[in-house]
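Record features, source TrEMBL:
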type    : residues                               : note
BINDING : A:Cys442, A:Cys445, A:Cys482, A:Cys485 : Zn(2+) 1 binding site
BINDING : A:Cys451, A:Cys454, A:Cys469, A:Cys472 : Zn(2+) 2 binding site
DOMAIN  : A:215-381                              : domain 'Helicase ATP-binding'
REGION  : A:184-204                              : region 'Disordered'
Amino acid sequence: MLFDDEALDGSLPVTVSVLVPVAVDEAYSYRVPAGMRVCPGSIVRVPLGPREVIGVVRDIEEGATVARGRLKDILHVYDDVPPLKADLMLFLDWVANWTLSPPGMVARMVLRSEEALEPEAPLPGVRKVEGAEIERITKARARVLEFVEDGFAWTKSGLAGAAGVSPSVVDGLISHGVLEVVSMPASPPPPAPEPDREGPSLTPAQEAAVDSLRAAIGKGFSVFLIDGVTGSGKTEVYFEAVAEAIRQGRQVLLLLPEISLTSQFLDRFETRFGARPAEWHSDVPPKKRARVWRGAASGDVKVVVGARSALFLPFMDLGLIVVDEEHDTAYKQEDRVSYNARDMAVVRGKISGFTVALASATPSVESQVNALQGRYTRLELPERASGAALPDIIPIDMRTEGPERGRWLAPKLVEALAETVSDGAQALLFLNRRGYAPLTLCRTCGHRFQCPNCSTWLVEHRFRGRLQCHHCGYSEPVPNACPSCGNADTLVACGPGVERIAEEIADILPDAHTLVLSSDLPGGPDRLKREMKVIAEGGADIVIGTQLVAKGHNFPLMRLVGVVDADLGLAHGDPRAGERTFQIISQVTGRAGRIAGQGRGFLQTYAPEHPVIEALLANDRDAFYKSEIEARRASGLPPFGRLAALIFSGADRNQTADFARAVVRAAPHDQSVTLLGPAEAALSLVRGRHRFRALVMAPRAFDLQAYLRQWLKVAPKPRASLRLQVDVDPQSFL
DNA sequence: GTACGAAATGGC
DNA sequence: CCATTTCGTACC
C-alpha cells in the first residue's frame with residue numbers, strides 16, 4: 001500500500017496524517033514531496049514549529065484538513081527500518097484511547113531510540129593483506145599474525161586482546177602494510193536462544209501447566225495466569241512456553257518489574273537457553289538500545305527481557321508475552337502516558353493474536369477475577385518445586401502477648417530469633433517503614449513535627465540526624481528544643497521504623513550480626529547489591545528490612561521471618577490496602593525455609609480477626625481471594641467497578657482546590673465523584689505543585705472512558721497555572 | 001513536549 | 001528601567 005504524489009492524478013499533492021510527539025488530540029497533516037514514498041506506519045522526520053521531530057505516518061488523507069498554506073513537507077523517511085506494522089499502529093491507538101493520552105505521545109514511546117532509525121555505523125576492522133610478509137618478526141607480531149591467518153577481519157582492540165598484546169603492536173603491523181583497515185559489518189545478529197537444550201526436570205504440576213501453555217502458543221489470542229506459591233517454579237514453566245514460541249520461529253517478550261532482578265534472571269535464562277536474551281530498560285546505554293530496537297524490528301532478536309517500556313518495541317513477529325510478578329505496581333507508569341504494562345500486554349496480545357502469560361505467587365485480584373470468569377486460564381502450582389513445605393505461620397496477638405512499653409518485638413518472637421541465630425540460620429524482620437520513628441512529638445506541649453508542604457508527619461532518621469518527609473523529600477535537622485514551646489529534651493519518638501528495630505536487636509541480641517536493608521541505604525543500588533550477596537552467603541544473622549526484602553533475591557539460609565507490624569498498610573483508605581498487605585506479607589514469609597529447613601513466619605498483629613490477617617495466618621490464599629472479591633463486589637470497586645482519578649495540580653493550593661471543585665460541579669453524575677484534598681489523598685507536593693484528586697467511579701471500564709471524555713469537554717478551562725491530569729488506569733488508585 | 005512572545009517579577 | 005524568570009499558547 002504505497003503511494004506518492006504520482007499515485008493520484010497529480011492535481012492535488014498527497015497529504016498524510018502524522019502522529020507527532022506533542023500533546024494534541026489529532027495527528028497533523030503533512031505533504032508528501034514528489035518522489036517520496038511513505039505508507040501508514042512509516043517513520044518520518046517532519047518540521048514542527050521551529051524544530052524537527054520524528055513522527056509516524058498514521059494514514060493517507062483524502063482532502064486537506066488544514067489550510068493549504070500551512071501544510072509543510074515531510075523532510076525524510078527513515079527507510080532503513082521497517083514501517084510500524086498495522087497491528088502495532090492499532091495498539092498505539094487503543095492505548096491512547098484507553099489512557100486518554102494524545103496518540104502522538106503514545107507513538108513517541110515506540111520511537112524512543114533515535115539512534116535505532118539510522119543503520120549502525122560500520123566498525124573499523126583490520127585484516128591481513130593477502131601475501132604480505134613482514135621483514136622484522138617479533139614474538140608479539142607472530143602471535144597477532146596467528147589470529148589473522150584465516151583472513152577474517154577483527155576489531156583492533158579485539159585482536160590485540162585475543163593475541164594478548166598491546167594495541168600498538170597492531171598499529172605497527174598496519175603501518176608496515178601487513179594488516180589493512182577495512183570496514184566491518186556492525187554487530188552481527190546475537191546468538192539465538194536454543195529452545196531444545198535440556199531443561200530442568202519438572203514436577204507433575206509444572207508439566208501439566210507447560211502442556212496447557214504449549215498447546216495454546218501459536219493458536220491465536222489466549223491469556224494464562226500462572227498462579228504458583230513462592231518457590232513453585234513458575235519461571236521453569238514459562239521458560240518452556242518461551243521455548244515453544246522460539247521453536248515456532250516467533251519472538252518473545254519477557255516483562256519484569258524490577259531492573260535489579262535482571263542480572264540474576266539473565267543467568268537463569270542463559271543456563272536454560274544457552275544464550276543471553278536482549279535487555280531493554282532505562283539503564284541500557286543508547287547504542288545497545290538501538291541494537292535491541294533494530295533487532296526486534298528485523299526479527300534478529302528472538303527474546304527481549306525488559307521493563308514495562310519494552311512493551312512498545314516494534315517486534316516483527318511477536319508470539320508470546322510473559323509478565324512475571326504480574327501484581328507488581330512497577331508495571332504501572334504514573335507520569336506522562338499513564339498505563340499499566342500488564343494490562344496493555346494483554347491488549348497487545350488480543351490485537352495481534354498471540355498468547356500472554358501472567359505469572360505471580362500472589363496474583364492481583366483483577367487477574368484472579370478474570371480467571372474465575374473464564375477470560376484467563378488459570379494454571380495452579382500449589383507446591384514448592386523443591387518439595388520443601390511452606391513455612392508455618394504463627395500469630396502473635398499484640399493485645400495479649402505483646403512486648404513491654406518501649407519495645408516492639410514480642411517475647412515469643414525474640415525467643416524464636418535467639419533460637420534461629422544460635423542454630424546458625426538466618427532470620428528476617430520485616431517492617432515497611434524507613435527511618436527510626438514515624439512521628440516525633442513534644443511531651444510538654446504536644447507539638448507534632450509536620451511537613452510544611454504536605455500534611456504528613458516528619459519521619460525521624462536518627463542515623464542521619466534529620467527529620468524527613470517521605471512524600472516530597474523535605475528534611476530538617478532534629479532540633480534540641482521544641483520549636484513550639486521552647487523546652488529542651490522534651491521530644492519523644494513515637495512508633496518504630498527499621499532503625500529502631502535494629503537498636504532493639506542490638507540491645508537484646510548484642511552478639512547477632514545485624515543488617516538493615518532499606519531503599520534509602522547510603523551507598524545506593526551498588527551497595528544494596530553487595531549487601532544482598534553478603535546475606536545470601538551467610539554474612540548476617542538478622543536482616544531487618546523494608547518492602548525491598550519482599551522482592552526477588554533468594555536468601556537460601558533464611559529460616560525465620562518476623563513481621564513486626566502485620567496491620568500496617570491496612571489502615572489507610574486505599575481500596576487496595578488489603579490486597580497489597582496480603583501480597584507483601586505472603587512474599588516476605590515465603591522467604592522462610594525454602595532451603596534452610598522448615599521455616600516459620602511470625603505475624604505480630606492487633607487485629608487477628610481481620611480477614612486479610614486471618615487468611616495469612618491460616619496460610620489460606622483461597623480464603624483471602626474469596627473475601628477480597630466479595631468485598632470488592634459489594635462496594636463496586638475494581639475489578640467490578642472502575643475507578644479513575646482526575647489529578648489537579650497547580651502552584652497555588654486554594655486556587656487548585658477551587659478549580660477542582662468547579663470541575664466536579666460540572667460533572668454529569670455528581671453522586672459518583674469524590675473530591676480528595678491533599679491530606680485525604682496522601683499526596684500533596686509533586687515537583688512543587690499541589691495536587692488534588694477527584695475520584696470517579698463507574699460500573700464498567702468503558703463507561704468510565706466515555707464519562708471522563710464528556711466531563712473534560714464540559715469542565716471549565718484551567719486558568720493560570722492549573723493543570724489537569726487524567727488517570728484512568730484500572731490499577732491505579734492513590 | 002518544547003519554543004516562542006508576552007507578562008510579570010526583581011534588582012539597581 | 002532593563003534583565004531575567006514565569007506563563008500561556010501554538011505547533012500541521
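For all residues, glycine too, the Cβ spot is worked out from N, Cα and C.
Nobody curates TrEMBL annotations by hand; they come from automatic prediction.
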> Are there any residues in the same chain, six or more apart in sequence, whose C-beta is under 8 angstroms from the C-beta of A:Cys442 (Zn(2+) 1 binding site), and if so which?
Replying inline: A:Arg448, A:Cys482, A:Ser484, A:Cys485, A:Asn487, A:Thr490, A:Leu491, A:Val492
> What counts of helix, strand and coil residues does DSSP assign across the region 'Disordered' (A:184-204)?
Replying inline: 1 helix, 1 strand, 19 coil
>> Cβ within 8 Å of the Zn(2+) 1 site centroid (A:Cys442, A:Cys445, A:Cys482, A:Cys485 excluded): which residues?
In response: A:Arg443, A:Thr444, A:Gly446, A:His447, A:Pro483, A:Ser484, A:Gly486, A:Asn487, A:Thr490
> From the Cα of A:Cys445 (Zn(2+) 1 binding site) across to the Cα of A:Cys469 (Zn(2+) 2 binding site), what is the distance in angstrom?
Replying inline: 22
> Which of the three DSSP-derived classes (helix, strand, coil) applies to A:Cys485 (Zn(2+) 1 binding site)?
Replying inline: coil
> Judged by the number of other CB atoms within 10 angstroms, which among A:Cys451, A:Cys469, A:Cys482, A:Cys485 is the least packed of the binding-site residues?
Replying inline: A:Cys485
> What is the number of other Cβ atoms found within 10 Å of the Cβ of A:Cys445 (Zn(2+) 1 binding site)?
Replying inline: 13
> In angstrom units, rounded to an integer, how far apart are the Cα atoms of A:Cys451 (Zn(2+) 2 binding site) and A:Cys445 (Zn(2+) 1 binding site)?
Replying inline: 18
> Reduced to three states, what secondary structure does DSSP give A:Cys442 (Zn(2+) 1 binding site)?
Replying inline: strand
